[in-house]
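What Swiss-Prot annotates here:
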- 8-28: transmembrane segment (TRANSMEM)
- 41-61: transmembrane segment (TRANSMEM)
- 88-108: transmembrane segment (TRANSMEM)
- 160-180: transmembrane segment (TRANSMEM)
- 220-240: transmembrane segment (TRANSMEM)
- 255-275: transmembrane segment (TRANSMEM)
- 297-317: transmembrane segment (TRANSMEM)
- 354-374: transmembrane segment (TRANSMEM)
- 378-398: transmembrane segment (TRANSMEM)
- 406-426: transmembrane segment (TRANSMEM)
- 429-449: transmembrane segment (TRANSMEM)
- 462-482: transmembrane segment (TRANSMEM)
Amino acid sequence: MENKKTKGISLFALLAIIISGAIGGGVFNLANDLARGSTPGGVVISWLFIGFGILMLVLSFNRLITIKPDLSGVSDYARAGFGDFVGFLSGWGYWISAWTGTIGFAVLMMTSADYFFPSKFANSNGSLTILSVIIVSIISWILMLLVDRGVETAAAVNAIVMIAKLIPLVVFSITGIILFKANVFTQHFWQTFTTNFAADGSVKDFVWHAMTVSGLLSQIKGSLMVMVWVFVGIEGATMMGNRAKKKSDTAKATVIGLAVLLVIYVLLSLLPYGYMDQASLANVKAPGLVYILNEMVGGWGGSLMAVGLMISLLGAWLSWTMLPVEATQQLAEQKLLPSWFGKLNKYHAPSNSLLITQLMIQIFIIITYFVANAYNVFIYMATAVIMICYALVGAYLFKIGLKEASVKNILIGFFTFAFQALALYLSGWQYVWLAMILYTIGFLLFIGAKKESHQSISVKEWLGMLVVTVLGVLAIVVLICGAKAGTAFDLRGLLGF
């Protein structure tokens, strides 16, 4: 009898997908991004709040893996709980989030290269140069071809990249601990402040005040998008659950991944506060850890961190090339996208989904030449859209808890939903509004899938599509015509146009 080797993604490879997906570029900008809006005390409270919210999300995933082992991925959960249309919104939103996140990786990678060759790869307003657009386009197509050769092969490569990317972060942590100055760290630990900006947009100085409740809430709000972004990817093992050697490994990988990520993020966000004063930290160029380590130990440190960041971004980029096509393939299997999206090549990779995703990435890579602060724009959009997917995971577990009278599932589901909804309301709804344009395009495919499978579209689904389409059209109108500068509806200002 022929002995066939069992294929599938191992526990270590699943863990690598989570860590490589989450530790992309955001962690390298974490300290200086947080310093612009939060003191060390505010950062600690923010980590407690956001850590609790992410823990609830992880527990929701793990509970659903256990009680609904036949389901896999965020769209599966949303569809099972709330029907085809909501399942489509979740899966399509996950797809949007994943590939817009890769644009953020591309921008930050070129910003890192700018450390070695100043002004060659990034413009002063945060947009990419034409040279950068060409380079990241080539890299993006290479990564697509790698995944097209087989998702399991790509996952193995990702495990190697994970180890390589952690080395400079460990070096930074050790250096930060050795050079830590308690008096610098505690100088303004529990205060709030107003910021005076210089003409070039840099922080001129902070005016310090005693901490107040409103001041603390403002610091937490200012930290939300930055902190939630660095956890996007925590669901990677769940999304790849159908390809795992053992389904139970997905839950283990998610819990271990959360613990590892929390330790890394808390260290890397707080240690710089103990090395330089907050105004200096807030003015550090992006990517922050590159220039902070350069300040700590000299040029070799900055070079090590810049190389580590580029490896990190390539690893995250590879992970995020796998995740969006898993989402579209699952939608096709659920008959929420045309079957064309679910077709596999001889390497069992969804080639058609990869091609469509890559074409969207290519279009938006070109757009980075025109968008100011392109990194923040794309990572904020990716974070805001995926919050909807995460909220639906919590809502589904909450619904199951009510049906089964399980207090544990009710509480975990409720806190997951409440955290994601609150975070989205406080800091990201404008980006979701922009994403409505892409949702509207997806409805054409949803309608096509329904016709292909000879299913009718309900009145509620038509109404849902109408509401989202109207919002998408309004977003286009505001982008073209503009809105009052500085208001919440100023989408052109949001994009730096």
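Cβ from N, Cα, C; glycine included.
Against the transmembrane segment (88-108), stretch 297-317 has more CB pairs under 8 A than any other of 297-317, 406-426, 462-482.
Count of Cβ pairs under 8 Å against the transmembrane segment (406-426): among 8-28, 41-61, 255-275, the largest is for 41-61. Within the chain, the transmembrane segment (378-398) has long-range Cβ neighbours (under 8 A, six or more residues past its boundaries) at 26, 56-57, 60-61, 63-64, 74-75, 77-78, 80-82, 86, 89-90, 93-94, 96-98, 100-101, 103-104, 107, 225, 228-229, 232, 235, 364, 368, 409-410, 412-421, 423-424, 427-432, 434-435.
Spatially, the transmembrane segment (160-180) is not adjacent to the transmembrane segment (462-482); fewer than three Cβ-Cβ distances between them are under 8 Å for residues at least 6 apart in sequence. Between the transmembrane segment (8-28) and the transmembrane segment (462-482), fewer than three CB pairs separated by 6 or more residues in sequence fall under 8 Å, so the two stretches do not touch. Sequence-distant neighbours of the transmembrane segment (41-61) (same chain, 6+ residues past either end, Cβ-Cβ under 8 Å): 34, 189-192, 211, 216, 219-220, 223-224, 227-228, 231, 234-235, 238, 251, 254-255, 258, 262, 265-266, 269-270, 273, 390, 393-394, 397, 412-413, 415-416, 419-420, 423.
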